[in-house]
Amino acid sequence: MKNVTVSAVEEAFTLECLDIAPDKSISHRCAMFSLLSDKPSKIKNFLLGEDTLASLSIAEQLGARVQREGGNVQIIPPSKLTEPSNILDCGNAGTGMRLYAGLLSGIEGSFILTGDKYLRSRPMNRVGIPLRNIGAKIDGRENGNLAPLAIRGGDLKSFKYASPIDSAQIKSALILAALQADETSLYKEELLSRDHTERMLSGMGATVALQSDGWIKIVPLEKPLNPLNITVPADPSSGFFFAVAAAIIPSASTVIKNVTLNPTRIEAYKILEKMGTNISYIEKENIYEPIGDIEISYNGTLSATTVESNIAWLIDELPALSIAMSVANGTSLVKNAKELRVKESDRISTVLTGLNACGIETIEHEDGYEIIGGEIKSATVNSHGDHRIAMSFAIAGLLSEMKIEDTECIDTSFPNFFDILTQITHIKD
Ligand code: S3P
């Protein structure tokens, strides 16, 4: 187990982040969606994190040839996906497992999806049940809810499904299945979750269209899609750790360069802005997604806030946002966020345990929490194997020395996190 101690910053910083990790959601999708074409896909700036490399390696096990030079990846799809001779390991990635479950449900053959001990304890019936309802054969421990998942791919029926959870993973799994179904399908969610799947598949020539009545229409593929030709933008969820750093350190500022400005991904920045931070968004291009820079600068003590809507748009950033809430004036409230309980860790519990260790008072609710703003004190915080918990408390360490236990998990999404953090402060192993 690797532990790291982050020292409090000694002076204000100006940080230009050119190398924030490439977007994890988009990188996973690049690996998978390239399999739906009959021509090579060219991907620049693919995330070399453990999770997304696991998705790439699964694409290879399914018959793709992958040529990679650093983050430049060419994926040459097979003429027909092949039944792999071994199990498919998704690592720590819920996105990998759930999206591949949707894709493989419609492919002839037998597939076993597994992952690390954390992923093997996360709920899979949220995709398993709607997929089984359209004919997928998926089994696993605890009535098909827990991986390893055994999938016997075959014919799928079209569907009309209103999801009880706003989740891009469920939506994407069902879209990938719908592309292989017998007829046109319809999918709906209450709040539009991150829409990279719709944007990328439409860009490749599929009909995956959000209609004015809120239903997404998915037409089965009649021919292979066009290949992807994409430069993956920086990940706003990874950039957000350094946005919080600038928001809590007097006179500090950060620029996150070439990041996706997709509205379903930058809600946490909007909340940080509402709490009093100076933030501006500079759109530079629009290829599949709006892409540009986000500038963040300290603007005085933050004010407490309530976060209760558009939760799917900031679910991954809530741990880091909680660090900002801990030093805000007043009591902040997070509600309608019970999805936090089924992320890489139970993030309601792991965030509050960490904050309490730092001397911050909190109140736990089933679907969220309250944080009473105060002063972050030096502490030792365990990540519980959750990358976002580890990085959030590393940022808290900028205020007061923090020992973070079990930091290897950071490699799943942001392998160069500490390289950037050392530009601001001292880090000891
Ligand atoms: C993701 C969707 C989100 C997010 C996860 C990545 C994706 O999960 O938390 O980190 O790439 O589709 P849910 O869709 O389950 O909320």
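Any Cβ shown, glycine's included, is placed from N, Cα and C.
TrEMBL labels come from automatic prediction, so no person has curated them.
Together with LYS24, GLY94, GLN169, ARG347, ARG388, the phosphoenolpyruvate site in TrEMBL holds one more listed residue from ARG120, ARG122, ARG141, which is ARG122.
Annotation for ASP316 (3-phosphoshikimate binding site): same-chain Cβ neighbours under 8 Å, separated by at least 6 residues, are SER237, LYS343, ARG388. In the vicinity of ligand 1, defined as a Cβ distance under 6 Å, the following of the binding-site residues SER25, ARG122, GLN169, ASP316 are placed: SER25, GLN169, ASP316.
Ranking the binding-site residues ARG122, LYS343, ARG347, ARG388 by the number of CB atoms within 10 A of their own CB puts ARG388 at the top. Overall, the recorded 3-phosphoshikimate-binding residues LYS24, SER25, ARG29, SER167, GLN169, ASP316, LYS343 cover a maximum inter-Cα distance of 19 Å. The average pLDDT computed for the domain 'Enolpyruvate transferase' (19-421) is 98.
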